[in-house]
Structures are given as C-alpha cells and as structure tokens.
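For reference, the structure discussed in these notes is given below.
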Amino acid sequence: MSGCLPCFGSSAKDAASKDSVKKELSAKDGSVTQSHHISLDKSKSRRGPEQKKELTAPKEGPTAHIAAQTFTFRELAAATKNFRPECLLGEGGFGRVYKGRLETTGQIVAVKQLDRNGLQGNREFLVEVLMLSLLHHPNLVNLIGYCADGDQRLLVYEYMPLGSLEDHLHDLPPDKEPLDWSTRMTIAAGAAKGLEYLHDKANPPVIYRDLKSSNILLGDGYHPKLSDFGLAKLGPVGDKTHVSTRVMGTYGYCAPEYAMTGQLTLKSDVYSFGVVFLELITGRKAIDNARAPGEHNLVAWARPLFKDRRKFPKMADPSLQGRYPMRGLYQALAVAAMCLQEQAATRPLIGDVVTALTYLASQTFDPNAPSGQNSRSGSGPPFIRTRDDRRSLGDGSSLDSPAETRSRLGSPATHKNSPDYRRRDMVREVNAGSEGGSETGGGSGRKWGLSDLEGQESQRGSPASVGRSSRGTPRNRDLDRERAVAEAKVWGENWRERKRATNGPGSFDSTND
C-alpha cells in the first residue's frame, strides 16, 4: 500500500508541519487563556469584569482530562482503506467524511478529511480541535484525535452508526421507515441538552453558530450528538451583549439579526434550534426550492400558520400519517414558534427549551392505542390542567390559566432565586418591550399566555367574535405571541420545581447531563 501512497514516508517537512500545528494549538490556547476561561463552574469566575480568565479543560465528567491523539496520515489512510469510495459516509462544504477502523485498537471511527480548497481553513481546524478537546457532554460528539501531516488536515471522531438527522428526515428511500413522533421529540430534547451545555455550563458560553439537521449525528437508539464545531465562537462576557463577527453558517438556519448585522448572541443558536425543531415536526427542509412558491423557506411558510392553531395539524409531517398526540403537536409547535421569534430578546433561554422538550419526550405515544389512552398519562407541566373542570381545546386537552397555576403552587416567594421571582422577572422582561411603545404595540400589563391564545383561537368564528376580529391587528398578534413566550418560561420553571419537590433534591438529572 505504501507504494501507492508516496506521502506515507516521513519527512522533515511533515514533522515541521506537525510541530507547527501543535505550536498553533498551544498559541491559540494561550491567546484565549488571557481573555477567556472555559469551565463548568461559573460561580467561581464571577468576581468582576476585570478578572483574568484562563482557558482550562472542564473538571467534571470521566473524559474531562482526555487529550486528543495525534495520528499520522499513514495511519488514517490505512484505517479508511486509502479513502476508498465505499468508505465514504458523506461530503459537505468542509470536506469528506470516511468510515474507518484504527489498526492499533480496532475502534470504528469517522475520519473527516478537510478540503484544502473548501470552506474550513486552518483556523476552523484549530478551533474544532481546541473546542472538542475541552468540552465533553453526552450530547456532543467525541473527538478522538487529529492529523496534521504536511498540508493534510484530518479530524478523527467517534463513529455514529445512524448518520445525521438530515438522513432520517429528508429524501427517504422507499424502504426506510420515517422517524416516529416519540423519537423525534427525544432527538430534539437531546440536541437541546447539548446546546444547553455550551450555553450554560461552559464559561464563557460557547455559541455553536452552525446548528442544522446535518450536524446532529445519531448513535444507537437515535441518541443525538452535536458535531462540527469549526464555526463555534466564545460568547460575550462581562457587560457585552453580543460578539461581532462575519456572518457564517447555513442559509435558512441563521437568525435574522445575525444575518443582517453580524451580531451574534446565544439567542442566535436558539433560533437555529427552532428551525431544526420545525424540521422535525414538519418533515420539511429549511430551504427547499423544489416546493411551490411561498414554501421555499420553512420559517416563512410556518409563520402565518403559527397564528391559527386550527391549521396546526396541517403542519405535521405527512409521513407520520396522523400518528402523533394532538396536544403534543400543539405544544411542540408552540415551542418552535417561541424559538423563532424575530426579536432575539423574546426567544426563550435554551434551558427553558430543554425543560419543555424533556417533558414532551417523556410522554409516550402508542399509535395503536385509542386516542384517550395517549392524552393524560402521567403528570403534565404546571400550566396543563389535570382536573376535570378544564377548558376543552377540541382534542380533550387544555391549559391552565396563570392564576390557577399560582394557586396550585402556593403563595409567591420573594427570594430572588425562587421560581415565583424568576417567573415575574421573565414576564416583566417580555412585557417591558410591549408596554414601552415598542414596535409590537402597547400592552395593558396583563400576563397573557399560551392558554389565553388557545382560548381565543377556539372561540374564533363564533358570533361574539365576529365583531372583534377586525380589531385583531398584526401588532396585537405579535404582542400575544411575546406574552406566550413569558408563559412558556413560567411553565418550564414551575414544572422543574414540581419535579424537584416530588423526587427530592438532585433527582431531576435529565436536564443536567
């Protein structure tokens, strides 16, 4: 084999190149050391904006101290059978990915060979090696090592046998079963947990910047992991609200404020997650020029449908063939709509999204069971009624009003870390923009939520509502949606507290992986 691979022979040039990359990694590590610190313990780093921060590996988890291996090009060529076409797993703007087996350990791996003329250059290569060497989570792909022989740049990852989420959503062959509803919710919850780790556990937070269905890889049992961190950026620290950078990413997934201004925030990732979640619900691509005019862009197609819950069933993936819980569909679309708010400040935090999706993923759905047996199994989130005196939503489900939620949870607490305090703070945060004469219109200060919106939708078309329909301006509808964001945050926080109260301290570990 060495005869057909002349670059196998070691040379001073290759050795110098490898040393150069190692120096660049060390230099990049050192340069970030002076300004940032990546850690899982945020409390120890909040001593003031002038504190110097160091880039260190997280101290938690069994893999926290594992360093990336260095491989020779010979080793990786042998692992992939000289990069034969039958070993090719996929190809993108950054290069090709091959399946291989390491001769030394027998481990099955995925080898990404960067295209020297592609979109990912040496800087992105270094960023990915650095990020994945430091950040470890069950929902982030594991980096095994890298190769920097000569001008070759290769990354070695753990092998994900089920491919990418994109492979299971779009352009399915006739013999391939589509994902069922429960699996879709589980994948969404896992991907959100990976994003939550980057946003909330790393310090400073890491902005992924390239969240899309092709970058969510699936392992056994459809366990999702985020991959491809070449575009990741360290988030704002101190008093900064954003980081300014050139616009990168994939069309159809980029948040509008980032695409227009280059100002990147954690909420930019939340928007991208909303697009992926909408793909999971609808089965549509983020951008699909093969569809009819007006349906090319997934978000643009969905926005008017979000305003009328009677059209929600039309948004479900036809390949599901109606095998999904109606209430679960409504709640999933509500979460997607909140993530896709045009104003970044009104999008939920990824931690609240994790709470909502963890609940949705926990609701098992049997497509063969009678509809009544799938509706109210287990305890719902706090704003979902569990009593019989519920307002019907047409599918046997209903939502609590904010007052009923508060009465069931007891008197409001005043401590700043209590759920009630944070709930009021989140409501004020969303209402502040509407009451101050913002572009979404004025507001009365009433805490409207998802229950109010669904109640209005259920009454639409009645004689009493005919006269009011002319007053439902787009500005008011935007205000309603903003208030729905606040109520969703209330739901997430209250449900989390109920779980803690029911199972004891530390029992709600599903959001702390």
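Backbone N, Cα and C define each Cβ position, glycine as well.
If you compare S401, S462 in Swiss-Prot, the phosphoserine annotation sits on S401. Of S392, S458, S470, S507, the one with phosphoserine in Swiss-Prot is S392, while the others lack that note in the record, though it may still apply to them. For the domain 'Protein kinase' (83-360), the predicted model reports an average pLDDT of 91. If you draw a 10 Å sphere around the CB of T245 (phosphothreonine), it holds 14 other CB atoms from the protein chains shown. According to DSSP, T250 (phosphothreonine) is assigned to coil rather than to any helix or strand.
Around V97 (ATP binding site), the C-beta neighbours below 8 angstroms that are at least 6 residues distant in the chain are L88, L89, G90, E91, A110, V111, K112, Q113. Across the recorded positions listed here (E91, D210), the residue whose Cβ sits among the most other Cβ atoms within 10 Å is D210.
Sequence-distant contacts of T250 (phosphothreonine), defined by Cβ-Cβ distance under 8 angstroms and a gap of at least six in the same chain, are D210, K212, A286.
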